[in-house]
Amino acid sequence: MSENSEQNGRKSSNKIKNLLRNFFTNPVYIISFLIIALLSIAIVYPLIKIAINTFQWSARDFIPSAVPGEFTLYHWITTITGEISSSLLYQPMANTLAIGASVSVLALTLGAVLAWLVTRTDIPFKKTLGFMMILPYMFPSWFKAFVWLIIFKNDRVGGSPGLIQYLFSVGPPDWLSYGFVPIVLTLTSHYYVFSYLLVGAALSTISSSLEESANILGASKLQTMKRITFPLVLPAILSAFILIISKSLGSFGVPAFLGLPVRYYTMSTMIYSSIGSGRPTEGYILSIILIVLAALIIYFNQKMISKKNYETIGGKDSKAKLITLGKWKKFAMTGAVGFVFIVSVLPVVLLLWQTLMLKDGDYSLSNMTLHYWIGDSNPDIANGYSGVFKNSTILSALKNSVIIALTASVLAAMAGLIIGYIVTRSRKMFSSKLIDQLSFLPYLIPGIALSAIYLSMSTTKILFLPVLYGTLTILILITVVKELPFATRAGTSTMIQIGGELEEAAKVSGASWFKRFFRIMLPLSKSGLFTGFIIVFISAMKELDLIIMLVTPSTNTLTAATFGLQEQGYPQIANASVAIIIFIIVVVYLVTTIFGKTDISKGIGGGK
Amino acid sequence: MKSKNIFLVMIGVFLLTVLGACGGDNESSNAQGAWKENANLDAEESMDDLYEKAKEEGELVVYAQSSATEQTVNSFKEEYPDINVSVTKVSSVDMLEKIRLENEGDVQGADVVVGKDSNGFWKNELLDNHMLHSYHPNHIADNLISPYDQYKGLPIITEVITVMYNSDANDNPPIESWWDLTTPEWQGRVTMKNPLEAADIQDLFLTMIQHSDEMEADYEETFGEKLELNGTENAGYEFVKRLLDNDVVLMSSMGDSVDAVASSTSSEPPIVIASSVKLRDVESDGLPIQMVHDITPKVSVPGTTSAFIIDGTPNVNSAKLFIQWIAGGDDGTGAGFTPFNNPGTFSTREDIEQDFDVPGLEQLDLWEEDVDYYYQNVNELRDFLIQTL
């Protein structure tokens with residue numbers, strides 16, 4: 001009896017030893033563990049912190065029986081069933097969902113059609129078109145709302161008339177100037193880029209031999225599209241859907257600009273207004289509800305994606321054969337060029353023009369000046385602010401912005417690829433699912449809420465970490481965390497396409513995990529890595545809501561400086577700064593494209 | 001035991017460690033008393049003396065709400081070249097969070113703060129909890145107009161949230177009473193920053209609610225009939241409701257709302273409820289905008305910008321010097337005040353001359369600020385606004 005149990009004990013202790021050895025020698029486990037550990041500090045902990053906050057009385061509740069810090073359901077009850085719940089929660093929620101659904105449908109369709117045109121047909125000027133189609137994503141989104149108003153503004157808000165009213169003397173109706181319609185269209189013109197990039201990536205990695213086989217077997221073009229092409233790009237469409245819907249659910253700038261004049265609230269503008277007016281608890285509750293909403297959407301999406309699973313890259317790939325547009329060519333070209341002009345060219349022209357206007361709003365040639373670019377301080381103009389290239393504050397902010405964006409995007413792209421690898425290679429493991437979900441969470445936390453939490457975290461010591469407040473590190477960290485979902489999507493959709501057999505072959509020949517990852521996976525996913533990098537870089541350069549509360553004099557960024565300038569009424573200098581931001585993004589994008597020897601406008605994974 | 005379970009256990013242990021370590025560990029600050037004693041905030045020191053002492057200190061960091069404070073840095077650096085100073089612009093609410101969290105985390109983010117209390121948060125949460133300190137040198141404070149001499153912190157300037165109109169389209173002020181804005185004539189023609197996001201507009205509404213009896217009397221005087229409440233608590237709330245129900249156009253920025261009125265080419269331009277400081281921006285661009293100087297029952301309530309010293313600053317002499325500097329120095333003629341000296345920005349000192357079209361502070365019929373009232377009633381107003389908007 002005792003011998004037996006001793007044996008059992010030895011057996012099980014051996015078993016545990018084995019398991020532990022297995023755990024510590026298999027890099028996938030160690031990396032998974034590290035990733036989960038980091039995500040816990042960076043994401044889970046802040047979330048728990050806000051969640052707890054919503055169940056406590058705060059010093060600002062002014063209810064006689066309330067003891068600050070004590071447990072209460074008061075805030076949840078007021079938000080969900082109270083008198084204000086309809087205005088605070090349900091109406092904004094309905095608006096948010098309507099926007100999310102409409103933008104997703106429009107942006108997905110638009111992006112997919114454009115991606116198909118550019119990657120699979122013989123439409124001319126592909127490179128230029130491809131580049132111009134990504135350009136809108138490089139503009140701050142609030143800037144497009146501003147352009148919308150220049151064109152569609154009616155006299156409801158006073159001020160100078162919009163272009164339509166100016167030309168036809170009749171103002172557009174309110175529904176076209178403000179609220180749901182313009183918000184949806186403006187956001188669509190921004191977020192179709194996700195679907196364009198991801199679907200383009202999938203399309204260009206599909207070996208055309210698959211489609212050719214279908215043709216040989218007698219399938220019609222439509223059948224091939226439906227049975228071969230569409231299922232193969234479905235994962236990309238679903239990934240794009242996640243990005244688009246969560247981005248539009250949480251977007252703040254555009255609904256704030258275009259919704260307010262007709263009192264059209266979304267959950268994000270409500271959250272901002274709650275946190276901004278010193279009552280964060282309601283804002284946190286709305287944030288949690290928004291997170292849950294988005295999580296539900298993603299849960300169902302995840303279920304769909306795990307059913308569909310195709311591997312299409314098997315080493316060398318044959319060049320995709322282009323579809324001849326024939327008589328449709330002219331039509332497609334006109335449509336594409338017209339679209340690109342409206343979303344990419346016009347806004348830039350208006351922006352640049354405005355930086356040249358000595359007096360804002362005067363479009364005459366005599367009013368043009370380069371003062372806001374290269375002028376020395378002149379007390380008569382803009383309170384003595386010197387032009388952007390002569391202004392030490394702006395130049396140092398520019399330096400910070402570039403450092404933050406570069407570091408954050410390199411880190412995020414690497415992390416995204418590794419996470420993508422883990423998630424796709426051990427998809428059935430609980431830890432992989434957990435990592436996948438965790439890395440997506442930050443996307444659902446509105447920037448302003450995340451910023452508030454990080455502000456409170458960064459001023460205290462956590463574990464062995466020093467106080468990070470006032471350093472560039474905290475700005476880089478929050479950017480990486482916030483952009484991780486992007487990088488992970490890019491990493492995952494790249495990894496999904498790389499066949500396991502290559503790695504297995506290496507494994508059989510005795511290559512270690514690290515060797516396999518660095519010699520096989522990394523080179524094959526190079527363009528995916530660059531895509532992750534550039535997507536994060538673009539966002540990080542434009543980021544404002546997220547960092548505005550965390551910057552200090554020595555860590556000021558160009559966006560924060562721009563925000564200040566805009567607020568103080570120096571729109572030309574502010575716009576010149578925006579132009580610099582866009583310029584840097586475009587340059588880095590082009591360099592990445594050339595250096596990465598891949599044209600990400602053709603899509604991820606297209607490089608040879 | 002499967003490897004999955006080991007994994008789960010390890011994650012669990014890790015999470016517990018993290019959460020445990022993150023839990024609040026509040027150390028009491030005995031250092032505070034010592035700091036305050038050394039800081040000697042009640043001492044009367046001349047600017048020259050302070051400069052001598054300040055030379056030994058580190059970089060002075062100022063949190064400010066206004067660009068005027070930023071601009072004052074240039075003249076300060078000229079006058080006191082041995083002091084390194086930088087100003088960060090922070091909004092009123094962000095400032096509250098920043099100062100509170102920096103204090104709790106023992107981070108000295110800044111030494112001086114210059115700005116407007118919003119909804120009484122600064123007074124009730126920062127000043128009363130000794131995160132901010134008043135600095136009131138008598139040789140400056142003695143020149144303050146009543147009631148500003150009684151304020152916490154050193155008042156620098158004040159401004160009012162009131163009605164402004166396009167002076168090209170109107171020769172005379174287009175309204176006389178606040179209640180005029182609730183009539184059909186102004187339907188869809190009043191614009192303002194979204195009050196949910198504008199603490200200063202909330203403070204004006206709260207003042208009207210606090211003085212609802214005056215609002216009620218004024219209604220009767222204006223329209224010759226008794227005010228009937230539509231389910232609201234009092235005449236103050238009733239005014240807010242009727243104003244917002246009159247299709248007010250909300251904007252996300254106060255500057256934009258003023259610009260919209262100033263640059264309107266319509267024959268019936270809108271009017272705007274906004275801060276008088278915007279008169280500076282618009283006037284410097286040559287746009288036609290005027291403030292209504294006389295509204296019944298009162299023009300408005302002031303929103304005062306004051307300077308405070310942040311608890312624990314090691315640069316206390318530089319901080320004191322900077323505050324005296326922006327207040328205009330001993331006799332109010334110092335260059336530190338110059339960036340603040342604009343139409344619509346009212347000096348709280350009687351010895352500072354302001355020669356503009358706008359009447360001086362003492363000519364305006366104003367309610368008095370009551371930051372404690374704001375602080376205790378702002379939640380109720382906010383809920384009301386959310387339901388009404």
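Positions of Cβ are set from backbone N, Cα and C atoms, glycine also.
Sequence annotations record features per position, and here TrEMBL assigns domain 'ABC transmembrane type-1' to A:93-301 (among others).
According to TrEMBL, the feature domain 'ABC transmembrane type-1' maps to A:398-591 (among others).
Feature annotation from TrEMBL assigns transmembrane segment to A:28-48 (among others).
Through the fold, the transmembrane segment (A:97-118) approaches residues 126, 129-130, 133, 180, 183-185, 187-188, 191-200, 203, 233, 237, 240-241, 244-245, 248-249, 255, 266, 293, 332, 336, 339, 601-603 of its own chain, all at least 6 residues removed from its boundaries and within a Cβ separation under 8 Å. The transmembrane segment annotation in TrEMBL covers A:97-118 (among others).
The transmembrane segment annotation in TrEMBL covers A:130-151 (among others).
Beyond the ends of the transmembrane segment (A:232-258), by six or more residues, the same chain brings 96-97, 99-101, 103-104, 107-108, 111-112, 140-142, 144-146, 148-149, 178-179, 182-183, 186-187, 190-191, 194-195, 197-199, 201-203, 206, 210, 264-269, 272, 290, 293-294, 297-298, 301, 304-305, 308-310, 312, 440, 443-444, 446-448, 485-486, 489, 492-493, 496, 545 to within a C-beta distance below 8 angstroms of the stretch. Here TrEMBL flags A:232-258 (among others) as transmembrane segment.
Same-chain residues lying 6 or more positions outside the transmembrane segment (A:283-300) and placing a CB less than 8 Å from one of its CB atoms are 47, 50-51, 53-54, 75-76, 79, 88-89, 92-93, 96-97, 242, 245-246, 249-250, 267-268, 270-275, 437, 440-441, 443-446, 448-449. Residues or ranges marked as transmembrane segment in TrEMBL: A:283-300 (among others).
Per TrEMBL, the feature transmembrane segment maps to A:331-353 (among others).
The annotation transmembrane segment is assigned in TrEMBL to A:402-423 (among others).
For A:435-456 (among others), the entry in TrEMBL reads transmembrane segment.
Annotated transmembrane segment per TrEMBL: A:462-481 (among others), in sequence order.
What TrEMBL lists as transmembrane segment is A:572-592 (among others). Packing against the transmembrane segment (A:572-592) from elsewhere in the chain are residues 134-135, 138-140, 143, 348, 351-352, 354-357, 360, 372-373, 382, 385, 387-388, 391, 394, 398, 401-402, 530, 533-534, 537-538, 541-542, 558-559, 561-563, 565-566, 600: each is 6 or more residues past its ends and has a CB under 8 Å from a CB in it.
Here the transmembrane segment (A:435-456) has long-range neighbours at 32, 35-36, 39-40, 42-44, 46-47, 49-50, 242-243, 246-247, 249-250, 252, 268, 271-272, 275-276, 280, 283-284, 287, 290-291, 294-295, 298, 302, 419, 422-423, 469, 474, 477-478, 481-482, 484-486, 488, 492, 543, 545-550, meaning same-chain residues at least 6 beyond its ends whose C-beta is under 8 angstroms from one of its own. Outside the transmembrane segment (A:130-151), and at least 6 residues removed from its termini, the chain residues within Cβ reach (under 8 Å) are 114, 118, 162-164, 177, 182, 185-187, 189-190, 193, 196-197, 251, 253-254, 256-258, 340, 343-348, 350-351, 538, 542, 544, 559, 578, 581-582, 585-586, 589, 599-602.
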